[in-house]
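**Student:** Below you'll find the structure I mean.
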Amino acid sequence: MLRPVAVYCLLFTLWTWCEAQSDSGTPVIQLRLAGEKRKHYEGRVEVFYNGEWGTVCDDDFSFSAAQVVCRELGFIDAESWSPSAKYGKGEGRIWLDNVHCSGGEKSLAQCESNGFGVSDCKHSEDVGVVCTQKRIPGFKFIRTQGNGEEGVNVQVEDVRIRATYSQRKRIPITEGFLEVKDGGKWRQICNRDWTEMNSRVICGMYGFPGEKRFNTRPYKLLATRRKKNYWGFSVNCTGNEADLSDCKLGHEIELKGNSTCQEGMPVVISCIPGRAFAPSVSTGFRKAYRIEQPLVRLRGGAMIGEGRVEVLKNGEWGTVCDDNWNIRAATVVCRELGFGSAKEALTGARMGQGIGPVHMNEVECSGFEKSLTECYFNRDALGCSHEEDAAVKCNVPAMGFHNRLRLSGGRNPYEGRVEVLAERNGSLVWGTVCSESWGTMEAMVVCKQLGLGFASHAFQETWYWQGDSSADNVVMSGVRCSGTELTLDQCLHHGKHIDCPKGGGRFAAGVSCTQTAPDLVLSSQVVEQTSYLEDRPMYALQCAQEERCLSSSADKADSTSYRRLFRFSSQIHNNGQSDFRPRAGHQSWIWHECHRHFHSMEVFTHYDLLSLNGTKVAEGHKASFCLEDTHCDEGIQKRYECANFGAQGITVGCWDTYRHDIDCQWIDITDVLPGDYIFQVVINPNYEVAESDYTNNIMKCRCRYDGHRIWTYNCHIGENRNTQED
């Protein structure tokens with residue numbers, strides 16, 4: 001048990017603090033979370049005791065101890081804890097070792113331990129915790145310690161931008177009085193020591209890339225009329241923090257009722273919205289950054305403002321290695337793309353693996369760069385693979401998108417009949433969406449709008465989901481989405497003129513959503529290496545003709561004539577975060593007697609030969625008669641095998657190979673004239689199965705045919721080349 005300690009009196013510039021025992025005989029300590037690659041509710045546990053900050057050893061630490069730490073810091077509970085300096089090694093003393101808590105203690109100092117400063121640990125054993133994001137309502141933070149040269153971070157229950165009455169209906173809210181919730185009450189901050197850097201941090205938290213100037217006169221008038229309740233501290237931000245909780249607490253402000261902050265007024269925040277969230281084209285993002293050609297993009301994310309970071313260099317898109325990847329670099333990416341600061345800097349290809357080169361490694365940013373490409377980085381990415389692709393999650397403005405849409409009748413919150421809020425006869429009513437033309441792309445937009453991830457299925461019948469009977473009427477029809485829309489009403493649709501012959505009810509549109517999705521990518525290198533011509537007699541192509549794998553002229557061809565086939569192999573990798581499975585179950589697969597196999601997807605790939613102006617001159621298609629794991633990356637077990645009517649699919653980290661010598665793995669070019677062409681392969685062309693990224697499902701090659709031989713070259717995936725020459 002802890003022994004009684006002596007009394008220490010310390011005098012700081014603005015603080016006088018006596019380190020004494022509390023009434024219960026427990027030493028008074030202060031805690032904070034620190035360290036690398038962290039969010040504000042997680043980090044290395046640090047203790048302020050006897051005038052200096054130190055750490056806690058992971059020996060005997062438990063979830064109960066993590067709960068005590070989180071509650072002492074004002075969070076409702078703990079989520080987890082981490083040993084072995086996950087958030088980096090601390091400095092100074094290791095204050096506590098062999099900590100034993102029951103979970104009910106009010107302070108970590110009340111838990112059993114070896115005593116303050118008694119430890120045989122190294123900083124490689126520093127413990128870290130992850131707390132729940134929710135704060136304890138009305139929690140009163142202790143701010144009378146540890147405010148030396150380092151300072152302590154700002155700790156409040158909540159933060160908000162309180163718009164004036166005339167601006168409250170605007171979405172998003174970009175301007176208003178700044179208020180912090182402390183001790184259960186909302187309070188204003190005196191603007192005497194407020195800086196642009198502080199405003200920059202607040203705007204970033206709320207999903208905006210930057211702050212802007214505003215007209216102070218109306219706010220001064222409002223401030224004189226309103227009763228004020230000031231917070232007792234100033235704030236010191238450097239401007240590159242991702243959250244107010246990362247800023248330092250400033251000096252104490254003397255609270256004198258209405259006389260407080262007499263030389264100033266409450267802080268007002270005014271932010272620039274990103275282009276996607278700006279009310280009109282003329283405002284917002286363009287004033288902040290004038291980027292003609294985007295140099296950075298996000299791919300593979302389920303929600304807006306998140307994804308794998310990809311960079312354009314020498315006309316080719318590539319990824320960023322996660323060595324040294326941190327919240328500061330992630331925030332530069334987020335602001336560059338018109339979002340706010342970063343919520344999270346993700347490592348280890350958490351948003352799926354990219355393709356192409358790794359352009360950047362060991363990125364170091366100050367936080368004020370206009371683009372990630374301005375940050376220092378190591379061009380040598382040796383040793384970096386796509387398993388280390390960096391990703392981000394950005395703060396985005398509160399647009400209220402989820403309030404206009406809901407899922408009804410499902411077995412869980414991730415599925416159900418789609419119901420939208422629409423205006424009818426001057427009032428807002430809930431209604432259903434017509435399921436004609438309803439597919440994966442439309443379902444993707446619904447799941448994204450609700451913040452539920454990717455679509456796993458789009459349903460055109462929903463009789464088995466009992467939705468709200470008052471919302472049975474169809475209020476939206478003819479919906480066609482590209483997949484890039486933020487909301488369903490941004491998609492093409494019939495507007496107020498509903499056209500839905502089937503009606504709603506059992507034929508209303510429905511979705512099921514999932515947090516992860518597969519991502520299929522064709523190996524362009526394998527296609528390039530395996531392409532060749534074969535002249536094959538018609539009598540050997542009867543099954544292929546039955547499956548419509550030959551051009552239409554073959555219908556009239558003599559059985560002794562030959563067809564000229566452009567053959568190649570397809571090696572299709574799953575770079576996503578979940579397995580690729582056919583949409584249809586075993587029971588609905590189609591048996592093809594001639595080839596003696598089932599088709600789990602009638603059209604799995606399209607093969608096209610195009611003229612240089614994009615006109616189709618020849619085509620082929622491939623049904624997925626066997627989706628299986630041909631090979632897998634090291635350490636990954638094969639899960640799918642077609643033998644004996646087995647389950648079909650492609651596991652994450654595995655690939656399926658359709659060899660050049662199997663039926664239909666070709667384009668019939670018998671009728672094609674010699675010349676230069678574009679060879680195009682599209683995987684999952686009808687979007688039957690949801691994927692995290694469809695832009696990499698297309699492969700294009702240049703192709704030269706001289707009437708006898710064929711050359712395939714300059715193959716590339718989707719938009720991975722930013723040139724028009726292909």
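Easy rule for this one: first residue shown is 1, then count along the chain.
From the backbone N, Cα and C atoms, a Cβ is placed for every residue, glycine too.
Pasting the feature list from TrEMBL:
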{"type": "DISULFID", "residues": "C57-C121", "note": "disulfide bond"}
{"type": "DISULFID", "residues": "C70-C131", "note": "disulfide bond"}
{"type": "DISULFID", "residues": "C101-C111", "note": "disulfide bond"}
{"type": "DISULFID", "residues": "C237-C247", "note": "disulfide bond"}
{"type": "DISULFID", "residues": "C365-C375", "note": "disulfide bond"}
{"type": "DISULFID", "residues": "C481-C491", "note": "disulfide bond"}
{"type": "DOMAIN", "residues": "31-132", "note": "domain 'SRCR'"}
{"type": "DOMAIN", "residues": "161-272", "note": "domain 'SRCR'"}
{"type": "DOMAIN", "residues": "296-395", "note": "domain 'SRCR'"}
{"type": "DOMAIN", "residues": "405-514", "note": "domain 'SRCR'"}
{"type": "SIGNAL", "residues": "1-20", "note": "signal peptide"}
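Help me understand the surroundings of these features in the structure.
**Tutor:** The Cβ of C121 (disulfide bond) has C57, D58, D59, I94, D97 as same-chain neighbours under 8 Å, each 6 or more residues away in sequence.
The Cβ of C70 (disulfide bond) lies under 8 Å from the Cβ of I76, D77, A78, V129, C131, T132, each on the same chain and at least six residues away in sequence.
Within 10 Å of the C-beta of C111 (disulfide bond) there are 23 other C-beta atoms, taking all protein chains into account.
Long-range Cβ proximity for C247 (disulfide bond), meaning a same-chain Cβ under 8 A and a gap of 6 or more residues, is found for N153, V154, N198, V201, V235, N236, C237, T238, E241.
Other C-beta atoms found within 10 angstroms of the C-beta of C375 (disulfide bond) number 17, with every protein chain shown included.
Contacts of C491 (disulfide bond) defined by a Cβ separation under 8 A and a same-chain sequence distance of 6+ are given as E442, V445, V479, R480, C481, S482, E485, in order along the sequence.
Over the domain 'SRCR' (296-395), the average per-residue pLDDT in this prediction is 91.
The residues of the domain 'SRCR' (405-514), classed with DSSP into helix (H, G, I), strand (E, B) and coil, number 19 helix, 40 strand, 51 coil.
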**Student:** For a quick check of packing: other C-beta atoms within 10 Å of the C-beta of C131 (disulfide bond), how many?
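**Tutor:** Counting Cβ neighbours of C131 (disulfide bond) within 10 Å gives 26.
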**Student:** Helix, strand, coil: count each for the residues of the domain 'SRCR' (296-395), based on DSSP.
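**Tutor:** Breakdown, helix to coil: 16 helix, 38 strand, 46 coil.
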**Student:** Taking helix as H, G and I and strand as E and B in DSSP, count the residues of the domain 'SRCR' (31-132) in helix, strand and coil.
**Tutor:** 16 helix, 34 strand, 52 coil
**Student:** Provide the three-state DSSP residue tally for the domain 'SRCR' (161-272): helix first, then strand, then coil.
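**Tutor:** Secondary-structure composition of the domain 'SRCR' (161-272): 28 helix, 33 strand, 51 coil.
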**Student:** Return the count of C-beta atoms lying within 10 angstroms of the C-beta of C481 (disulfide bond), excluding that atom itself.
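**Tutor:** Result for C481 (disulfide bond): 21 neighbouring Cβ atoms inside 10 Å.
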**Student:** Who sits close to C101 (disulfide bond): which same-chain residues at least 6 apart have their Cβ under 8 Å from its Cβ?
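**Tutor:** Once residues fewer than 6 apart are set aside, C101 (disulfide bond) is near S62, S64, A65, Q67, V68, L108, C111, E112.
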**Student:** Starting from the Cβ of C365 (disulfide bond), draw a 10 Å sphere and report how many other Cβ atoms land inside it.
**Tutor:** 22
